[in-house]
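Colleague: There's a structure below that I have some questions on.
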Amino acid sequence: MDDERVGTFVSWDYVVFACLFVVSSGIGVFFAVKERKNPSSEFLVGGRQMTCGPVALSLTASFMSAVTVLGAPSDVYRFGGSFVLFGVAYTFVVIATAELFVPVFYRSGITSTYEYLEMRFCKGVRMAATLIYILQTILYTGVVVYAPALALNQVTGFNLWGSIFATGVVCTFYCTLGGLKAVVWTDAFQMVVMVVGFMTVLVQGTRKTGGAASVWEVAKNGNRLDIFDFDPDPLRRHTFWTISIGGTFTWLGIYGVNQSTIQRCISCKTETHAKLALYFNLLGLLVILVCAVFSGLIMYAFYANCDPWTAQSVTAPDQLMPYFVMEILGDYPGLPGLFVACAFSGTLSTVAASINALATVTYEDFVKQCCTNLSNKASGWISKGLCIVFGVACTTMAVAASYMGGIVQAALSIHGMCGGPMLGLFSLGIIFPWTNSMGAAGGLTLGIALSFWAGVGAFIYPALDINTRPLSLSIEGCLQTNSSDPTTSVPPSYLDPTALPSRSSLADRWYSMSYLYYSAVGFLATVTAGLLISFITGPTRSRDVKPWLLRPVCNLFCFWSKKYKKMCWCGVNHELKQDMECPDADTVNDEGPFVKEDIGRKGMKRKIQPAKNCYNLQEKAHDNAGFTEDTKSF
């Protein structure tokens with residue numbers, strides 16, 4: 001592979017790349033100095049004073065990892081431009097998150113998303129969900145660090161272990177020093193780097209391929225512009241339905257109930273800012289998506305007659321993008337380094353978000369449960385210590401990923417397999433007032449089992465080409481150096497039924513399901529089983545569920561009639577009002593928000609919302625409404 005590289009990094013490339021790490025670390029130092037006198041409670045949630053702008057950029061950067069920067073163009077190159085339909089899924093996801101989940105989480109005043117599960121169900125459900133999240137995030141974050149580092153190393157010669165350890169050290173450094181504010185502002189900077197890197201590739205790639213019209217014509221002739229495929233077959237990898245429906249469930253599991261997302265939203269100074277952050281973030285997601293899709297189309301136009309993957313110039317599809325970048329930008333010192341900075345901006349933002357979220361849930365869900373009388377100073381040191389621990393854990397996981405071989409591919413599906421059941425669990429609590437703790441626990445168990453059954457089975461029995469349908473790739477233009485037989489590679493094997501191997505019906509049906517439906521399967525299984533178990537064991541009485549823990553989605557469908565809205569509330573009174581405020585600072589009103597004055601760093605007092613219908617949070621918040629005896633857990 002080394003002798004086939006189209007170029008290697010030079011000094012200017014390393015300088016440009018190093019600037020990314022220096023600026024990221026500098027932001028952490030800046031906030032460590034600026035916020036050193038603030039209470040430690042601000043460390044993990046930014047003092048709940050963030051505005052929508054930086055939070056929107058942070059959300060986009062956190063979930064557009066290097067896997068997206070390198071993998072999405074490669075997907076378009078091999079399977080066509082239907083990847084752009086993820087824009088439909090992103091739109092549904094952001095609307096659902098902003099209007100369904102964020103209002104409940106924001107008004108409840110939580111720090112860890114999983115605190116809600118104890119308020120709504122019981123402590124056992126909360127702990128189970130937290131453990132699943134921690135394991136899922138560590139595994140996924142390790143792969144996010146290792147996979148792009150390996151691809152860049154094999155194409156550009158960029159040092160593999162140096163990049164892995166630099167990523168881990170820098171992320172841990174600025175997370176530990178600056179907390180959430182450092183993470184958010186660093187993500188905002190890295191988002192800008194990602195866009196600039198993509199734009200450099202788009203401009204130079206278009207120029208090298210003869211202009212936008214030429215790119216469009218070549219992509220059209222190669223069937224890369226056949227975007228809308230309305231085949232309802234759930235076995236097909238990418239169709240309009242699998243992407244718009246399956247993609248919505250997959251990304252909603254990542255966005256709607258994920259600690260990394262919710263932690264940023266609740267760090268905003270108002271609920272309106274939290275919602276605006278999500279909607280502005282949608283614009284960022286669409287910009288990155290369009291850049292990635294057009295990069296894939298330009299790359300295909302450039303290699304239309306000489307596919308480097310088939311010609312064995314690269315050994316894996318994820319190496320196509322860095323190989324392409326080195327070929328079109330290799331003559332311009334510093335520009336390959338800019339693209340690598342673009343890819344690693346995605347990695348840094350994802351890893352930093354994960355470290356901060358892991359530290360938050362561990363502190364809130366485990367440390368505070370065991371040590372109830374911690375001082376502010378002790379809390380601050382413990383939070384920073386947890387950032388270091390999880391930074392080391394994620395870096396170690398990246399090293400371990402190098403020995404996993406093909407399991408890396410399976411690890412990349414972890415978000416889909418865990419996200420669906422988690423989405424179902426929170427939906428049971430927020431949408432269905434009669435769900436009890438046993439239903440929540442049983443639903444989560446069945447959802448995890450089914451989605452992992454499908455996902456692991458698909459890894460053992462990969463889907464056939466008849467379902468994935470890769471498009472043809474040509475090597476006619478590079479025959480002199482790579483082959484003696486003029487042919488077009490990857491002829492669609494699904495066109496020849498005799499070429500299909502004989503497999504069990506389970507492998508050809510259940511295991512061949514599109515990977516985008518893993519979340520949908522987990523969600524449906526969790527909700528269905530949760531409701532059935534709840535009704536069998538005795539549903540929660542509506543009057544035992546606090547209205548601020550629910551979101552009356554029926555209001556959207558019965559907006560014209562107050563009578564029908566109340567009928568659909570299932571006995572929960574979402575209009576409870578009370579005339580006087582409660583003096584206790586640890587109380588909440590029946591509509592949800594904490595009633596306490598938030599004292600900012602400048603001494604300004606801000607009341608989140610007035611207290612009405614008060615009750616003591618410590619006595620009432622963690623009731624297990626699924627049982628008569630509230631001390632009983634599943």
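In case you wondered, yes, glycine gets a Cβ from its N, Cα and C as well.
Pulled from TrEMBL, these are the listed features:
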- 12-33: transmembrane segment (TRANSMEM)
- 54-72: transmembrane segment (TRANSMEM)
- 84-106: transmembrane segment (TRANSMEM)
- 127-152: transmembrane segment (TRANSMEM)
- 158-177: transmembrane segment (TRANSMEM)
- 184-203: transmembrane segment (TRANSMEM)
- 238-257: transmembrane segment (TRANSMEM)
- 278-303: transmembrane segment (TRANSMEM)
- 338-361: transmembrane segment (TRANSMEM)
- 381-404: transmembrane segment (TRANSMEM)
- 410-432: transmembrane segment (TRANSMEM)
- 444-464: transmembrane segment (TRANSMEM)
Colleague: Applying the under-8 angstroms CB criterion, which one of 12-33, 84-106, 127-152, 381-404, 444-464 scores highest with the transmembrane segment (278-303)?
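Modeller: Result: 84-106.
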Colleague: Short question: most Cβ pairs under 8 Å with the transmembrane segment (12-33), which of 158-177, 184-203, 381-404, 410-432, 444-464?
Modeller: 158-177
Colleague: When each of 84-106, 238-257, 338-361, 444-464 is checked against the transmembrane segment (158-177) for Cβ pairs under 8 Å, which one has the most?
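Modeller: By Cβ pairs under 8 Å, 338-361 leads among 84-106, 238-257, 338-361, 444-464.
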Colleague: State, in range form, which of 84-106, 184-203, 381-404, 444-464 has the highest count of Cβ pairs under 8 Å to the transmembrane segment (410-432).
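Modeller: By the under-8 Å Cβ criterion, the transmembrane segment (410-432) pairs most with 444-464.
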Colleague: How about the transmembrane segment (54-72) with the transmembrane segment (381-404) - do they touch, taking at least 3 C-beta pairs under 8 Å (6 or more apart in sequence) as contact?
Modeller: no
Colleague: With a Cβ cut-off under 8 Å, give me the same-chain residues at least six positions beyond the ends of the transmembrane segment (238-257) that come close to it.
Modeller: 63, 79, 82-83, 85-86, 88-90, 92-94, 96-97, 100-101, 113, 228-232, 415-416, 418-420, 422-423, 425-426, 514, 516-520, 522-523
Colleague: Go through the chain and flag residues at least 6 beyond the ends of the transmembrane segment (381-404) whose CB is under 8 A from any CB in it; none is fine as an answer.
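Modeller: That would be 40, 43-44, 138-139, 141-143, 145-147, 149-150, 164-165, 167-169, 171-172, 175-177, 179, 351, 354-356, 358-359, 362-363, 367, 374, 411.
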Colleague: Which sequence-distant residues neighbour the transmembrane segment (127-152)? Criterion: at least 6 residues beyond either end, Cβ under 8 Å.
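Modeller: Contacts with the transmembrane segment (127-152): 65-67, 69-70, 112, 114, 117, 158, 160, 163-164, 167-168, 259, 316, 318-319, 321-322, 340, 343-344, 346-347, 350-351, 354-355, 357-358, 361-362, 365-366, 390, 393-402, 408, 411-412, 414-415, 418, 422, 425, 441, 444, 448.
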Colleague: With pairs 6 or more apart in sequence, are the transmembrane segment (338-361) and the transmembrane segment (184-203) linked by at least 3 Cβ pairs under 8 Å?
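Modeller: They do touch: at least three Cβ pairs between the two stretches lie under 8 Å.
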